[in-house]
Amino acid sequence: MSLKNQQAYQPLPTAAAAMDNPAMSNSSSSSGSNEDVARLAQNGIPPTYSSQQLVSSDSDSMEHHRLHGNGIVPQPRSRPAISKRQWLTISVLCFVNLINYMDRFTIAGVLEDVKKTFDIDNDSAGLLQTVFVLSYMVFAPLFGYLGDRYSRRWLMVVGVALWSTTTLLGSFMKNFVGFITFRALVGIGEASYSTIAPTIISDLFIDSMRSKMLAFFYFAIPVGSGMGYIVGSKTAELANDWRWALRVTPILGVFAVVLLALLKDPKRGESEGVAQVERESFWVEIKDLLTNRTFILSTAGFTCVAFVTGALAWWGPNYIHLGLKMQPGNENLKQEDISYKFGLVAMAAGLIGVPLGSVLAQHYRTRVANCDPYICGIGLFVSAPMVFIGLLMARSSATLCFLFVFGAQVALNLCWSIVADILLYVIVPSRRSTAEAFQILVSHALGDAGSPYLVGAISTAIRNRMIAESNTVNDAMIKSMSQLAENATEFYSDNLPSRSAVDLSTFESLQYSLFSTTFVEVLGGVFFLITACYIVNDKAKATAAVLEYSAQQQQQQQPPQQSPRSRNA
């Protein structure tokens, strides 16, 4: 490996030494960093306000103070208007992300029909989502490795074409084994897109504009999920066949493939003014990620978000349908109607929650340097009791149930764009696809890969236990009654357990298993609060690494200065 390659994105020594204390203050770090600022200024590198900067000047008051304290007057930086190419790119990426999540949650909107068609229980129904996420997370590191080295545009084209094709073919499967196999193949295609798309946004935008565009991109997740419930349930109702619900997104996928093929892949680090660099080994990059405490802790917090989101999104409509169906007059209530309303609630929560998280982060960064993980943590702490109350309300009041579900999802959606932004500003440009892949792998492996199946399996086990205990009680009652009259025994044998008792045990068992999501949310909030202790340091390290490498590049590009003797000659 060349010396140039070994030095790429290494933090400044003095800056790194100042970062070891998580409780660093502005004053304690200024003396160690003034030399770095002066040295960069001598090289002609505007240290904080150049187009190469990773951290926004208006959101990093510490760096602003250091510059003025060193006698360097910062030059105001003009923010160029967004070009047509950038608007086209972000629009296409958001459109593809929208149909991506539509496809992911279409089955959840018709889950009861799928269970009846294949004659499966809750554990097998949850396994449908689990195998999808397992393949999704397993192939994410592969696409992260390829995305940092090869054409991201064509990797996305192949991925979207693959998941569109496999979704369509899966709708024609007549047995459960074939159907679940194609659901697993869908995850491979979606892994390519979800891993690569955020890194393209990071290479097109910087500072607050990047945060806004990430909010726009991740805004498509809850909205697309909500549209999946709506499109799935209504298409199945109109066609009188749930299989047609899976044939909508493949049609949109054809347009997505064409649009992606027309995009231009930006250079990695383009927004920070960093030229393309030679690659380091994959294991060196992984080692660097594992030592980034902010990245590890925020990934742990996001894993909790993924666990809760996966469980509630998959089982929410089915659970609410079971609860409302037990109310008098709702015996003929269809799940399609509940899925439609659940989709509307999810869309509304996404329209408010994702942009709200971005707005709060941009507003408070000027006052609190580590506000991003605080906002995520508070969002999870607020969401947890709302989920708990919403689960309790499902059997008594549809209005209150959906109201608390809406509030819980708004608070949960605060995290989406912020977590993505955290990853991008604490990781150097050349490793962002790998970091995205690593975060996808961990968050899905321990999050929504297992939560749908885990919740389904727990509910099935609880329900079977409840029915077994009910049958034991009923048998004792029958034996006691048989001593009084033979006809009493015959009556109870024919009618116990009753249909309402089975419905009640199914509902309560699913309720008990879904209560686990509230504890996971609290755990995720704790992870984000710990992240706040390290995020300022790790953010500054990444900035220093980019500035150092930019300085090296400019020095290499400058022509050698002639000596006075050669000039006189």
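Here the Cβ of each residue, glycine as well, is placed from N, Cα and C on the backbone.
According to TrEMBL, the feature compositional bias 'Low complexity' maps to 15-34 (among others).
The feature compositional bias 'Low complexity' is assigned by TrEMBL to 50-59 (among others).
Annotation source TrEMBL lists domain 'Major facilitator superfamily (MFS) profile' at 89-541.
The region 'Disordered' feature in TrEMBL is assigned to 1-36 (among others).
Under the heading region 'Disordered', TrEMBL lists 49-78 (among others).
The feature region 'Disordered' is assigned by TrEMBL to 550-569 (among others).
Residues annotated as transmembrane segment in TrEMBL: 87-107 (among others).
What TrEMBL lists as transmembrane segment is 127-147 (among others). Beyond the ends of the transmembrane segment (127-147), by six or more residues, the same chain brings 104, 107-108, 114, 155, 159, 179-180, 183-188, 190-192, 194-196, 199, 282, 310, 314, 433-438, 440-441, 444-445, 448-450, 452-453, 456 to within a C-beta distance below 8 angstroms of the stretch.
If one looks beyond the transmembrane segment (154-173) by at least 6 residues along the same chain, the residues whose Cβ comes under 8 Å of a Cβ in the stretch are 96, 100, 103, 143, 146-147, 179, 181-183, 185-193, 196-197, 243-244, 246-247, 249-250, 253-254, 256-257, 260-261. Here TrEMBL flags 154-173 (among others) as transmembrane segment.
A Cβ distance under 8 Å defines the sequence-distant neighbours of the transmembrane segment (179-201), meaning residues of its chain 6+ beyond its ends; these are 89-90, 93, 96-97, 100, 103-104, 107, 118, 127-128, 131-140, 142-144, 147, 152, 155-156, 158-164, 166-167, 169-170, 173, 210, 213-214, 217, 265-266, 268, 420, 423-424, 432-433, 436-437, 440. Feature annotation from TrEMBL assigns transmembrane segment to 179-201 (among others).
Remote same-chain partners of the transmembrane segment (213-232), defined as residues 6 or more beyond its termini with a Cβ less than 8 Å from a stretch Cβ, comprise 90, 93-95, 97-110, 197-198, 201, 204-205, 242, 245-246, 248, 313, 317, 339-340, 342-351, 353-355, 357-358, 409, 413, 416-417, 420-421, 424. Annotated transmembrane segment per TrEMBL: 213-232 (among others), in sequence order.
The annotation transmembrane segment is assigned in TrEMBL to 244-263 (among others).
Proximity of distant same-chain residues to the transmembrane segment (295-316), defined by a Cβ-Cβ separation under 8 Å and at least 6 residues beyond the stretch ends, is recorded for 105, 108, 111, 126, 129, 133, 225, 289, 342, 346, 373, 376-377, 380, 383, 387, 405, 408-409, 412, 415, 419, 422-423, 426-427, 435, 438-439, 442-444, 446-452, 454-456, 510, 514, 516-517, 520-521, 523-525, 527-528, 530-531, 534-535, 538. Positions annotated as transmembrane segment by TrEMBL: 295-316 (among others).
The transmembrane segment feature in TrEMBL is assigned to 338-361 (among others). Long-range neighbours of the transmembrane segment (338-361) within the same chain, counting only residues 6 or more positions beyond its ends whose Cβ lies under 8 Å from a Cβ of the stretch, are 108-110, 211-212, 214-215, 218-219, 221-223, 225-230, 232-234, 313, 316-317, 320-321, 324, 371-372, 375-376, 379, 402, 405-406, 409-418, 421.
For the transmembrane segment (373-394), the residues of the chain that approach it from at least six positions outside its boundaries are 297-298, 301, 304-305, 308, 312, 319-320, 322-324, 357, 360-361, 364, 400-401, 403-405, 407-409, 411-415, 418-419, 422, 507, 511, 514-515, 517-519, 521-522, 524-529, 531-532, 535, judged by C-beta separation under 8 angstroms. Residues annotated as transmembrane segment in TrEMBL: 373-394 (among others).
Summarising the annotation, TrEMBL assigns transmembrane segment to 400-428 (among others).
Looking at 87-107, 400-428, 440-462, the range that has the most CB pairs within less than 8 A of the transmembrane segment (244-263) turns out to be 87-107.
Long-range neighbours of the transmembrane segment (512-536) within the same chain, counting only residues 6 or more positions beyond its ends whose Cβ lies under 8 Å from a Cβ of the stretch, are 22-24, 62, 293-294, 297-298, 300-305, 307-308, 311-312, 315, 319, 369-370, 372-374, 376-381, 383-385, 387-388, 391, 412, 422, 426, 451, 454-456, 458-459, 462. Per-residue confidence over the domain 'Major facilitator superfamily (MFS) profile' (89-541) averages out at a pLDDT of 81.
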